[in-house]
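Structure first, then comments.
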Amino acid sequence: MSRNVLLLPGDGIGPEIVAEAEKVLHKVNDQFGLGLSFESALVGGAAIDETDTPLPEETLEKARKADAILLGAVGGPKWDSLPMAKRPEKGLLGLRSNLELFANLRPAILYPQLASASSLKPEVVSGLDILIVRELTGGIYFGQPRGVRELESGERQGYNTYQYTESEIRRIGRVAFEAAQQRGKKLCSVDKANVLEVTVLWREIMEDLKREYPDVELSHMYVDNAAMQLVRAPKQFDVIVTGNMFGDILSDEAAMLTGSIGMLPSASLNSDKQGMYEPCHGSAPDIAGQGIANPLATILSAAMMLRYSLNEEKAALAIEAAVSKVLDQGLRTADIMSEGGQKVSTRDMGEAVLNAL
Ligand code: NAD
């Protein structure tokens with residue numbers, strides 16, 4: 001049975017890091033006889049340059065047919081002055097909404113080898129293992145109406161709409177409860193129910209769902225407190241579930257607890273388990289083309305892809321073990337460099353993972 005993986009390198013450091021993950025995928029494909037076939041397509045700024053749109057129809061078609069998608073990152077200053085609808089980020093949002101990738105899973109794990117790379121004290125973060133489940137296709141990023149309008153006074157006003165339907169809350173809640181069941185059985189739902197009606201409903205539905213998952217301990221936290229608790233005592237959390245915008249912000253904060261955003265993978269799944277896998281970071285235009293980006297978040301995203309969409313747990317574990325081994329060997333890209341480490345390039349890091357496999 002041949003399964004198809006679509007590679008979307010994108011912009012900035014995207015092509016550099018996806019190239020390393022692709023080599024790793026080819027290697028496990030041979031080693032484990034996975035029967036994967038690979039295709040590539042344009043998205044984001046690279047697609048705008050070639051086709052004048054961030055998500056060409058051809059890319060969307062390939063994405064629909066693929067069993068799983070591995071994306072680098074999109075965006076960069078070159079395209080920042082384009083109107084909102086033509087920006088690279090629209091390519092990503094279009095993929096998420098067209099494929100209904102409503103569940104974004106972002107683990108924040110602190111590798112013991114990197115405890116000193118965190119800006120927090122080692123005792124606060126060592127052993128950290130959090131999973132943030134972020135709703136990805138609803139909320140204020142997609143709500144209508146939206147725009148900038150002119151008021152009668154002549155002043156301009158920007159506006160967006162924050163909305164969630166009951167069924168949208170329920171389906172992301174189920175993903176989070178099920179993830180918690182497989183982990184530490186603790187779920188914290190993050191909202192702003194003291195101010196926003198949308199999240200009053202959110203809290204109500206989470207409470208309602210709790211009855212289906214009696215083995216999971218559910219708690220609620222306001223988003224401002226959650227932001228604070230993540231830096232004060234992050235190990236109190238097991239699984240966090242939250243809406244699109246709060247999840248966007250909190251998952252980047254959690255990423256930094258681990259030392260580098262360059263280490264963190266993510267998965268975005270739909271109800272058929274088709275998924276798009278990508279590092280949590282962006283296209284890092286400040287370091288693009290220099291060969292110094294950390295490819296490990298993308299390589300670990302490939303591992304998540306094998307686990308969640310392709311059902312190849314052994315191959316996923318092999319990649320994760322190989323990453324741990326190169327960290328044990330002291331190899332470090334610039335973003336995770338610390339005393340005693342050996343500084344390596346993007347390509348050297350990719351090669352080291354291949355060798356460890
Ligand atoms: P960013 O994540 O690209 O970069 C933030 C900082 O982290 C930079 O200093 C960068 O050099 C560093 N960094 C990121 N990834 C790294 C890696 N793998 N190795 C080493 N260092 C790394 O965020 P930003 O600067 O806010 O955004 C840059 C562009 O990326 C923008 O156009 C933004 O819209 C886009 N973006 C895209 C995505 C995505 O494609 N999913 C996500 C976030 C931002």
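Cβ atoms are placed via backbone N, Cα and C, with glycine included.
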Listed by TrEMBL with Arg96, Arg106, Asp224 as binding substrate, from among Arg134, Arg203, Arg211, is Arg134
Counting across all protein chains present, how many other Cβ atoms fall within 10 Å of the Cβ of Asp252 (Mg(2+) binding site)? 17
With the Cβ atom as the reference point and anything under 6 Å counting, tell me which of the recorded positions (Gly76, Pro88, Tyr141, Ala288) are near ligand 1. Gly76
For the binding-site residues listed here, Met84, Ala284, Ala288, Ile292, which shows the highest count of neighbouring CB atoms within 10 A? Ala284
Restricting the comparison to the binding-site residues Asp80, Asp248, Asp252, which residue's C-alpha is spatially nearest the C-alpha of Arg96 (substrate binding site)? Asp248
Three-state secondary structure, which DSSP defines for Arg134 (substrate binding site): strand
Site diameter for substrate, Å, by largest Cα distance between Arg96, Arg106, Arg134, Asp224: 27
If you count other CB atoms within 10 A of each CB, which of Arg96, Arg106, Arg134, Lys192 wins among these recorded positions? Arg134
